[in-house]
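Novice: Pasting the relevant annotations from Swiss-Prot:
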type     : residues  : note
SIGNAL   : 1-19      : signal peptide
DOMAIN   : 62-163    : domain 'C-type lectin'
DISULFID : C83-C162  : disulfide bond
DISULFID : C140-C154 : disulfide bond
Amino acid sequence: MQLILLSSLLLLGLSLANGHETDPEGQILNSLVETVSRLEKKIDKVENAFLTVHRARSFGSGSERLYVTNKQVGNFEAVRNTCVQAGGRIPSPQLLNENKAFASVLERHNKAAYLVVQNSAKFTNWAAGEPNNADGNKLCVKADAQGAWHSASCDEDLLVVCEFSFI
């Protein structure tokens, strides 16, 4: 919407610069400027409301990331696709407080979920004896209901949990 208004202002300016007085008293231009100003104020309000909600949601965990489930289950590929379509990704906790926030979702539903472990991760939460891919079939990682990490088959149907990072 703002782009359309700015384009209109540009076209009007070009028209006036070329000597075509389509708005001799500047009413259209003034109206467009007022509309853009109102839209900017509304955008500021939406941004502030969004940040307030985000801060409230992350207040308890101290995490800047939000972990959400749709209560469905799926294998790794299905979970990844679901998260990407929702604008998120499979969780990848980088800090203890992020893992706690992620684990709180799992604990609430008493289920495990996939996560992605970064090769350069400074934080890990492997359960005792993990990672363990002795049979060669555990190429994914899951977190149990308490947030401990385990090697897992990518074909397991686990709780869909997606990570969203807004800041």
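Glycine is treated like the rest: Cβ placed from N, Cα and C.
Since the structure is predicted, the reported quantities are computational estimates derived from the model, not experimental observations.
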Novice: List, in sequence order, the same-chain residues at least six positions removed whose CB sits under 8 Å from that of C83 (disulfide bond)?
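Specialist: In sequence order, R89, I90, V160, C162, E163 meet the Cβ cut-off.
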Novice: Near C154 (disulfide bond), which residues of its chain come within a Cβ-Cβ distance under 8 Å, counting only those 6 or more away in sequence?
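Specialist: Looking at Cβ-Cβ distances below 8 Å from C154 (disulfide bond), excluding near sequence neighbours, one finds N75, F76, E77, L139, C140.
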Novice: Suppose we draw a 10 Å sphere around the Cβ of C140 (disulfide bond). How many other Cβ atoms does it contain, all chains included?
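Specialist: A 10 Å sphere around the Cβ of C140 (disulfide bond) contains 23 other Cβ atoms.
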Novice: Taking the Cβ of C162 (disulfide bond) as centre, how many other Cβ atoms lie within 10 Å?
Specialist: 23
